[in-house]
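Chemist: Here it is, the structure in full.
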Protein chains: 2
Amino acid sequence: MSSANNPPVSPLAPAAEPDLPPVAGVRLATAQAGIRYSGRTDVLYVGLDAGTIAAGVFTRSKCPSAPVDWCREALGEPSARVLVVNSGNANAFTGLKGREAVALTARIAARAAACPESAVFIASTGVIGEPLDARKFEGVLADCEARAEPGSAAWSAAARAIMTTDTFPKLATRTAAIDGTPVTINGIAKGAGMIAPDMATMLSFVFTDAALPQPVLQALLADGTARSFNCVTVDGDTSTSDTLLLFATGRAGNAAVADPADPRLAPFKAALDDLLIELAQLVAKDGEGARKFVTVAVTGAESDPSAHRIALSIANSPLVKTAVAGEDANWGRVVMAVGKAGEPADRDRLAIWFGDVRVAVAGARDPDYSEDAASAVMREPHVTVRVDLGLGQGSARVWTCDLTKGYIEINGDYRS
Amino acid sequence: MSSANNPPVSPLAPAAEPDLPPVAGVRLATAQAGIRYSGRTDVLYVGLDAGTIAAGVFTRSKCPSAPVDWCREALGEPSARVLVVNSGNANAFTGLKGREAVALTARIAARAAACPESAVFIASTGVIGEPLDARKFEGVLADCEARAEPGSAAWSAAARAIMTTDTFPKLATRTAAIDGTPVTINGIAKGAGMIAPDMATMLSFVFTDAALPQPVLQALLADGTARSFNCVTVDGDTSTSDTLLLFATGRAGNAAVADPADPRLAPFKAALDDLLIELAQLVAKDGEGARKFVTVAVTGAESDPSAHRIALSIANSPLVKTAVAGEDANWGRVVMAVGKAGEPADRDRLAIWFGDVRVAVAGARDPDYSEDAASAVMREPHVTVRVDLGLGQGSARVWTCDLTKGYIEINGDYRS
C-alpha cells in the first residue's frame, strides 16, 4: 500500500465541500470491491433513468485504456443507463485481458440495471498495466443498484470513491433555466497526477436533468471542455484514461432545443461552462504536491491558438513551476518559456506581470520594477503570470500549479 | 550568492577529468571579472590564430539572447580570432542595453586581440534579464590575451570558468587523421538546467587544428549535433542562450577537402561525432539534481523522426523521470508517454524493456516478467528504457536523467 494514499490535504482545497442537490433521474452508490485499495471505497455505481442520453470526450493518447475504447463505442448508441467507475486500477495496457475485463464489467452492470450492455459506461483509474479482475464486481453492482440514492451524501461519497492520489473530493453544482424550465447540473472529478491538456482530468462525470438531443449535448460538452479541462495542466503528462462524460436524463421536461447555438440554451451553456471550469481548477489545485494555484494569461498573441500554446509552454515549464514553488519572481524563465513555444514572439515587445506588478516591458526589465512588490505577489497562494506579446489580438488563459518536492515524493513511490 | 553554487558533485560525474592536449593555434585564459559570482573565475578568453574558421548552431528559441544574435551575425564572416565567454549573467532579454553590452564586449576583445570585431565570438550564461555590465571586461581581456596558454591546465580552467549550476567541468578530446595528417579535437561544455533538445547544452565550444572550409565545418557540426546535443534533455526547457561553436585553426595543414561527404573526412567526422556525444552525455549526467543517467531507445517506429519524438516524450515525462528516481520499474508510465507523443503507435504491438528485462509485450504485461529482475535494473546508476513499437524500421536514442528533489531545490532558489 502506497504512502501516497494519505498525503496531507492540498492547501488549495476549498474551505468547504459543496452540498449537491439531487438531479432527477440520477441515483448513486459506492462500494468496496477490493480492486487495489483496502479500507476505502473503490467503486462508483450511477443508475440513470430510462431516456438518459450520454456525451463524452476522451484522451487523445494513442494508447487509450480499454474502458476508453468501450465508452467511445458505447456512444454510438447514446442511450445510457449505468455508469461504473473504479479506482485503483486503470485497466490500461492490459491487452486482450483488459478488453475481456471491460466486457465482463458491462455484463455484470447490465444485469444489475436490467439494461442492454451498450447502455453501460465504464471508467477506470489507477495503475496502468495490471490486469483488472472484473469478477470482483459480481454481486457488488447489483447491491449498489439496490442501495443507490439521489441525495447529497451519495454525491459526496461518489466524489470520494473515484479518488486516487487526490487529496480532496471535487464536486460542483449549478442551476440554470432552459426556456423558463429550471434544470440542475452536478459534476464530480478526480485528477491529481498525469494531468495535461488534451483532456486534463483523468476522470470527470457531469449529470443534468435537462432534456437535450445527443448532438447538442456533445457540442456543448466539447465546447466547454476547450475552455476548461483543456486549459489545465499539472505536469504535461497525458493519461491513457482521460474521460469526461455528460449525462442528461431529460427529467426536467424542458422545451426541445435542436441547435446548440439556440439563444434559449445560453444560460445552460454558461452554467455548464462555469461548472467545468470550477472542476478543472479544482484539479489544478490538487495537482500532486501543489502549494500554489497558478493562472497563466497571455494576450497580444497573433491568434488565440498561438496564445494557448504559449500559455501552456509557460504553465508546463519545470523551471517556471519550480520558481513559483520557491516564491521567486523569476521572469527570465517566463521569457525562456515564451521563446521555446515556437510561436510568433518578438523579444523586444514582450511585457510580463506577476499579479499586478509589471516586471518586464519592451524586451527588458521594467525600470520601475520593485522586487519587493513582485515578491509579495509570489508569496500568495494564488499567483497570476501575465504575458503580453504586443503582436495581435490573440489571448488565452490556462491554470496550473507549482512543482514541489511533494510531486517527486508522490510519484517516486506510487507503485510501491 | 546562491547556495546552488556549491551543490554536491553529481554521482554520475566521470571518475577522472581528462587531460586535454594542446590544439595548435588555440590559447586559453580565464579571469575573475566579478560579473556575478565572487571568489571564482567567470570569464573565458580563447585566442585563435589568424586563419581560424568558425561554425555554429544555436537555440531555436524565439527570444534568443543578445550574444546569440551577435554570433549568428558574426558567422556571416566566419574568420574567428577570439572567443569570450562569461558565466553568471546570460545577457538575455536585456533589450537595447544587452545589444550595447555585446558591442562593447566585442570592442574590448577586438582591441585585446588586435582583430576586427567581426572576428569576435561571444557567449554568456547565467541569469536572464539582468543588465550585463561589459565595462567589467575592460583590462581583463587584454590581460587574458597576454596570459593565454595552450596546455591542459588552461583547458581545465576554461571548462570551470563557464560553469553555472554544473557540479563538474565537462571536457573531451579526440584525435583523427585527415588523409594521413593527424588532427586533434578538444571540446568543453556546460549544461545543468534549462536543457532540452533544439540545442540541449547551454554552451559548448569545440576546437580543432584541422583545415576545413566553412561550409564543410558547418555541415559536420550540424550533422553531429543532431545525433548528440539534440538527443539530450534534462527538463524539456530550452535556453535563450544555447550555443555550440566549432573553431578550426587549420594549423594541422591537412589536405584540402571540399565535400563533407568525402571519404577522407570519415575518421574526422566519426571522432567529432563521438566527442559531441560524450559532451552531450556529460550534460545529462550533470542535470540538476541528477542521480541516474537514462538512455531511452526506441525501435520499430514508422520513421526515425517519429522514433525521436517518442523517445523525447518518454525522456521528458516528469512521471517517467520521477519513477526512475524512485527506482520503480513503472512501465505503465512509459506506455503513457508513448501514447501522448501523438506519433503512430499500436498499443497491442508495444514491447518495453528496462535494461535487458522485458516487462511488457503485445499490449500487456510480459507473463515472464520478474519484478525482482526489473527492480535490480532500476537500482543501477545507468538505466536503459527500450521501447519497440512493432510498426516499422524507425529508431532513435536519447539521453536524460531522473527528476529528483534536488532539481526542485536548485531551481526553487536560483536567483535568491
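Cβ coordinates are placed from backbone N, Cα and C, and glycine is handled just like the others.
Heads up, here are the entries from TrEMBL:
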BINDING   A:THR164, A:LYS190, A:THR201, A:GLU288, A:ASN411, A:SER416  substrate binding site
ACT_SITE  A:THR201  active site, nucleophile
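In the displayed structure, how are the listed features positioned relative to their neighbours?
Modeler: The Cβ neighbour count for A:GLU288 (substrate binding site), using a 10 Å radius over every protein chain in view, is 30.
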Chemist: Binding-site residues A:THR164, A:LYS190, A:GLU288, A:ASN411: which sit with Cβ under 8 Å of a chain B Cβ?
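Modeler: From A:THR164, A:LYS190, A:GLU288, A:ASN411, flagged as close to B: A:ASN411.
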Chemist: Within 10 angstroms of the C-beta of A:ASN411 (substrate binding site), what count of other C-beta atoms is obtained when all protein chains are considered?
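Modeler: Taking every protein chain into account, the count is 29.
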Chemist: Specify the count of other C-beta atoms within 10 Å of the C-beta of A:LYS190 (substrate binding site).
Modeler: 27
